[in-house]
Amino acid sequence: MTRIALFPGSFDPLTMGHLDTIERGAKLFDELIIGVFVNTNKKSYFTSEEKLAIVEESVKHLSNVRVVGQENELTVNVAEKLGATFLLRGIRSVKDYEYEKEIALMNHHLDQGLESVFLLADPKYSHISSSILKEVWTFNGDIKEYLPEAVYRALEEKRENSEK
Ligand code: ADP
C-alpha cells in the first residue's frame, strides 16, 4: 500500500517552520503532496501562482514531495482525487491544537477514510507564522533565518518592484 499524505495550507508565504514539517513528514510517507490553497479567512499577500512557484523551488531537494494548487474546493475532496489517505498538519501551541482539532474532526465527519496526522513544531520555529513574518518584514526587521531562500528572494523582489 502506498501511503500518500496531503499537507494543505495557505503558505502565504512558506516559512522554515512549514519546511521543517515538510522535511519530517516526507520521511513518514511514501509520497507527500503540498496543497497550496486559499484560506478564505485570510487576505493573501502572494498570488496562488507565486506561492506555488516558491514552494516548488523550496522542496525540490525532496524526491517524494510534490506541490499542487487548488482553489474553492474542500480539502477532503482534493485528498480523495489525489489518492491521499492522510492529512499532515503542524502544531505550534495550544491555540493551534484547538484550531486543528476543529478542522480534523470536521474532516473526519466529511471523510472517515482520511486520517489527520500532526507534527509538533520544532521549538526553533514554534513562535513564527507567515503573518508575523510579513508584519516584521514590512518594518524592515531581520527575518532571514526564518525564511527559505526562494521566499526571501520573492519578498525582496516585491519590495523592489513596489519602490519603482
Ligand atoms: P492555514 O491557513 O491552513 O492554517 P498555514 O499556511 O498558516 O495554513 O499553515 C499550514 C499548517 O502549517 C498548519 O497546520 C499550521 O499549524 C502549520 N504551521 C504554521 N506555521 C508553522 C511553524 N512555524 N512550524 C510548524 N508548523 C507550522
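A Cβ is built for glycine as well, from the same backbone N, Cα and C atoms used for every other residue.
Copied over from TrEMBL, here are the features:
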BINDING   SER10, LYS42, THR75, ARG89  substrate binding site
BINDING   SER10, PHE11, HIS18, GLY90, ILE91, ARG92, GLU100, TYR125, SER126, HIS127, ILE128, SER129, SER130, SER131  ATP binding site
DOMAIN    6-135  domain 'Cytidyltransferase-like'
SITE      HIS18  site 'Transition state stabilizer'
Neighbour count (Cβ, 10 Å) for ARG89 (substrate binding site):
20
ILE91, SER126, ILE128 screened against THR75 (substrate binding site), Cα within 10 Å - retained binding-site residues:
none
Of SER10, THR75, ARG89, binding-site residues neighbouring ligand 1, Cβ under 6 A:
SER10, ARG89
Cβ neighbours of HIS18 (ATP binding site) where a neighbour is any other Cβ within 10 Å:
25
Let me make sure I understand the structure: which of the binding-site residues listed (SER10, THR75, SER126, SER130) has the fewest other Cβ atoms within 10 A of its Cβ?
SER126
Rounded to the nearest Å, what's the C-alpha distance separating ILE91 (ATP binding site) and LYS42 (substrate binding site)? Just drop the number here, would you?
19
Using only C-alpha positions, which one of HIS18, SER126, ILE128, SER130 is spatially nearest LYS42 (substrate binding site)? These are the binding-site residues in the record.
SER130
